[in-house]
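In Swiss-Prot this protein carries:
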- 616-626: compositional bias 'Acidic residues' (COMPBIAS)
- 635-652: compositional bias 'Polar residues' (COMPBIAS)
- 807-816: compositional bias 'Polar residues' (COMPBIAS)
- N185: N-linked glycosylation site (CARBOHYD)
- N227: N-linked glycosylation site (CARBOHYD)
- N521: N-linked glycosylation site (CARBOHYD)
- N745: N-linked glycosylation site (CARBOHYD)
- N1025: N-linked glycosylation site (CARBOHYD)
- S646: phosphoserine (MOD_RES)
- S663: phosphoserine (MOD_RES)
- T819: phosphothreonine (MOD_RES)
- S923: phosphoserine (MOD_RES)
- 1274-1281: motif 'Nuclear localization signal' (MOTIF)
- 18-38: transmembrane segment (TRANSMEM)
- 48-68: transmembrane segment (TRANSMEM)
- 96-116: transmembrane segment (TRANSMEM)
- 128-148: transmembrane segment (TRANSMEM)
- 155-175: transmembrane segment (TRANSMEM)
- 235-255: transmembrane segment (TRANSMEM)
- 260-280: transmembrane segment (TRANSMEM)
- 288-308: transmembrane segment (TRANSMEM)
- 335-355: transmembrane segment (TRANSMEM)
- 356-376: transmembrane segment (TRANSMEM)
- 393-413: transmembrane segment (TRANSMEM)
- 439-459: transmembrane segment (TRANSMEM)
Amino acid sequence: MDTEFANANHPLHFLHRLLPAVGPGLLIAIGYVDPGKWAATVEGGARFGFDLVLPMLLFNFVAILCQYLSARIGVITRKDLAQICNDEYDKWTCMFLGVQAALSVIALDLTMILGIAHGLNLLFGMDLSTCVSLAAAEAILFPFFATLMERCKASFLCTCIAGFILLLYFFGVLISQPGIPLSINGTRTKLSEESVFALMSLLGASIMPHNFFLHSAIVLQHQGPPNISRDALCLNHFFAILCIFSGIYLVNFVLMNSAANVFHSTGLVLLTFPDAMSLMEQVFRSPVAPFGFSLILFFANQITAFSWNLGGQVVLHNFLRLDIPNWLQRATFRIIAVVPALYCVWTSGVEGIYQLLILTQVMVALLLPSSVIPLFHIASSRQVMGVYKISPFLEFVALISFMGMLGIKIIFVVEMVFGDSDWVGTLRWSTVSGSSTSYIVLLITACSSFCLMLWLAATPLKSATRLDAQVCNWDVQNAVSEPSTLIEEEFLTENICTGEELIERQEQLPEPGKSFESYSNITVANADPDLPETIMESDQELHLTTIKEKHSEVAFSSPQTFYEETSPTTESASLSASVNLVPDAELLVAKKAKIESMDPVEKTLDIEGELHTEKEDDEGDNWEPEDSSKGVPGSTLSLTSDGPGSFRSLSGKSDAGGNGAGSLSRLAGLGRAARRQLAAVLDEFWGQLYDFHGQITQEAKTKKLDALGVDLKLASSQLKVDTAGKESSGYFSLVGGRASDSLINSSLCDSPKQLRVQSNIDSSYGVQRGPSSLWSNHMQLLDAYVQGPSQSIADSSERRYSGVRTPPSSDGWDNQPATVHGYQIASIANRIAKDRGFSSLNGQMESPAPISPSLGPRNYRDPLTVSMGKNLQNGLSSSQASGFQNLAVTRNSPLQSERPYHDVYSGSADDTGMSANTKKYHSLPDISGLAGPYRDLYMSEKNAQWDKSAGFGSSVGRSAYEQSYYSNTGSGAGGPLSFNGLSKGHGDAFSLHMTPDPGSLWSKQPFEQFGVADKIRAVGSGLGNRSNSINREVTSPVDSEAQLLRSFRHCIVKLLKLEGSDWLFRQNDGADEDLIDCVAARERYLYEAETREMNHVDHMGGSTYLYSDRKSGSALRNDDASITNIMVSSVPHCGEGCVWRSDLIISFGVWCIHRILDLSLMESRPELWGKYTYVLNRLQGIIELAFSKPRTPMSPCFCLQIPASHQHRSSPPASNGMLPPASKPGRGKCTTAATLLDLIKDVEIAISCRKGRSGTAAGDVAFPKGKENLASVLKRYKRRLSNKLIGSK
């Protein structure tokens, strides 16, 4: 029966044995859930790849060794390490050890504060100064929660919470690991002077000095069952520590591997705290990652505080002789930690915070050599540990570990003083300028710690010194022929009197008779000191607990019995001075009588027993952590930035990147290449309107593009009527007309009158695409913004940095023929063969394969046929072949001026003079509804040349559908098509009719008889054909506004395609920014819907134009640029309250200014400063329009509706079923001049702190010049905004 009962309780018994070992390990390991350690790990991986993986593993083994030795000391001696050091070292040595432990605790507290501040910043959007203050203020909650629970309950609860957090932390990383391959194929470790700084930071992140003292103290609070031997208990502690620290290393390895793959492989450098945090947030690929991090850090901070409450007071009492309440102790440490945090936030910004985290770990590493000496000395001391001293092998491992730490420290100090590494230069220039004390602090810390280490290494333990003196006296006493009893009594009396102070310092162990028992350990002269360590502790402890009541039994035992019943502790060494000279067991009678008659000994034991009980009561203080995840409503967010913006993660509102993080890895989620592209896209857009002085360009005035100041009150039928199928290549040669757009914008091109209005405008370059006047109108609108060849930044930067953030692209699709009409095939055949890899075309091209029936439904689903039919068919007779047009380009056309950039098209027409030797197409099938979409689909793919012009008209010579129809001619299966010359009879228009025979290849298909294709064709047929004359008519304000809005849509789509663009549209600023966020959310939805539709068609095998190098990926990747064309063909309009009017461009200007200033807060690359300066220079023209007079915020209209099923993916999220939410309460006003002035001040402070390395081109030229240029434009902004601010008052 007893056996069955024991078996039933076996799991409970196992847990009862395991918890005393696992509990202390969990409470210690929770301190490694620390942003400082993440930053050090990510920094090592980002700078040196996988070179530091092996050193980090070795550091983890050393940490396991140190924590095991600390726990072993507590288990064996039943005293914590601080108490033993107090016994073994003098007062001043203990004081310095206490200062080192306090510095380590303060460093941990500092990193925890910064981590919690970062979490608050992500969750609530507050600036970092406020977040740091709030994170520090939570210390006042500790006394309140500490009084709510009893000591044992608080300890158990905190242990459980610590285990739960660590499990979430470990398994969360492993389960949610991003798609970054783990590189475990043994890379060689390459160490150099450049990596010493990173090695020191990893060492400090792996081992914390105060944990040595804390672990041994917590072990005393988690005593194991009395029937377990101490060897078994030590083994339990070892396995618990091994498992926990293995999990910590696994997490660090995943972080380092991710950093090496994301940052080191792409050459990016981390410079800010959000950079490191962004990678950690990427590892947890969940939308609730910021909230989870904040919660984990909050609980980790409270449990760390509880752990220090369990053992920290003993440390301070034994080292610093301080007896202060726990709450005051915690508040003092918190205040000391907050001072450098706030100083760094105010002076150095986000980049300074990141450097502070790394420097904190380095400073902790500098303290390690002097901190491990007491640990290793005591663990290997026979006088303290007795037979439980560590084995010679462990002593050797400890010595090697110490030498390794000391060697790294020496190399670090020597390099810091005499070296010229990059990290040394970074520390030195701040010292020369007097703006930072980090170099001096590290140097002082290293020197003082080195001196203390030498002192500790040269100072033996007091117990060892006393034992040596006793051995000397033993030899002298053996030469004296006196009665042994008299010698013993005199010696014992003298030593007890003179050693009273020593006895009073001993702590009473749980067993009252332990001090007496310790005498017997040394009394036995013939005892073997190398007795095997297999004595069962259960028997020893049984005798020890009854020793006070059975003195006679113990006193008259044999010497061997005394030794077996002894627990070798510190008392055995400290009291041995009074009993070591007794050679005979007979003297034990006198010794026992004298000890029992001594009041000081008994008094000391009794008092210490009471103190032990009181200490247990005092150390029970704990407080239950409060959930810090309570949301703050968006209405409490301020529009202004409080404090230096450079110290905030992009105004404290970055989402992953971070906030995350240029030169930085991902500055607020935008990589370096993405930021370059962002600046290029914005410069490209605003370059159509403003020059670099913020003035309207002459060309914009000529073409009436300065429509932002015009109050247009035109009917909706005249506002957004342009449904051109082609935007200029500067914005990805657009094709419009999506089914979703068609359904929403019912007023688009729904009457012949609207078409006639637009049909009166010809192309400004005199290029007529076929007989369609509407086409001419649109090309005139698109060409109006041509700026010249200088706008090649966007796509060239994409190609150049494609390996960093964007998929690689080629220009194989860039220079394909726009159409076969109006061009000589021979002049472009070689170019096509080069790009497409054809061996030869020989003047002939294969026609596409017969159209798949699956293309029909695709055409039918787009009822408006905005770009698929209308752009091709307007102005054509219903009997004309609308799939192709004739382009008659005259020799005097202004298009010739664009030949350097469009020579493939204009050159062919100009050089050949449209020779009559070439043959012209005379008839073509009416497949406009089929060929158009798929010609458009791939038109912009790899559009490196045409996507970089500033305006809309740089690719005048090619139409939206002409480009891609023959882009994959090599894959066609049809018969050859001959193109010989431009027929005079058909130079301006198609005159051939289609064969009406339904069985003919050219007959109208059934699905072409529906929709609006015929309607548009009929309307177009009445417009007639137009000549190639150059029409320089000035466009109306309506047309100008339509052009700008289409360009704006195109710009938004390009921004959405940037890697990490989510941050751009989730900043929750003013009403203008919220409106742009809603527009971006709508455009994203449309884009993704079209992507899914295209993917569905491809999956069904309906596309004959699939190109071989198409890659799968994100819906907003650059390799899906072709789908962009289908989205931006028109401008929505839902009525009088529609947001799609010129005011939207003003809001976009405010948004651009805000985003550029936000990026400038954290940017540290002079190259990008220059790009931001270009954009800000142009955006000066918006200031007058946006801030000269109060503006009424526009609310999102029905054009911005998003289905409820998609709202969780949109940004910002919608609050109702259809419409995005209006501006949030409290933030419903437009961004004011005061808001931007505060932000500009923050940028100026941030930029002033950025410096390059002296003696380099970057430090001596790029940084000063970049700062000068950016500061200049910021001053102009301040002057203009200040004037507007005064005027508004």
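Cβ atoms here come from the backbone N, Cα and C positions, even for glycine.
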When counting C-beta pairs under 8 angstroms to the transmembrane segment (439-459), the leading stretch of 18-38, 96-116, 235-255, 288-308, 335-355 is 96-116
Taking DSSP H, G, I as helix and E, B as strand, the motif 'Nuclear localization signal' (1274-1281) contains 8 helix, 0 strand, 0 coil
Outside the transmembrane segment (356-376), at least 6 residues beyond either end, the same-chain residues with a Cβ under 8 Å of its Cβ set are 35-37, 39-40, 43, 66, 69-70, 73, 81, 85, 88-89, 97, 100-101, 103-104, 107, 110-111, 114, 197, 200-205, 207-209, 212, 273, 276, 340-341, 344, 348, 395, 398-399, 401-402, 405-406, 408-409, 412, 438, 441-442, 445-446, 449-450, 452-453, 456-457
Check: When only pairs 6 or more apart in sequence are counted, do the transmembrane segment (235-255) and the transmembrane segment (48-68) reach 3 or more Cβ pairs under 8 Å?
Finding: yes
Same-chain residues at least 6 beyond the ends of the transmembrane segment (18-38) with CB under 8 Å of its CB atoms are 67, 71, 107-108, 110-112, 114-115, 118, 155, 158-159, 162-163, 165-166, 169, 205-206, 208, 211, 214-215, 218-219, 221-225, 233, 236-237, 239-241, 244-245, 248, 252, 255, 273, 276-277, 280, 296-297, 300, 303-304, 306-307, 310, 357-358, 360-361
Cβ contacts within 10 Å for N227 (N-linked glycosylation site), all chains included, total 12
Mapped onto three states, the DSSP assignment of N227 (N-linked glycosylation site) reads coil
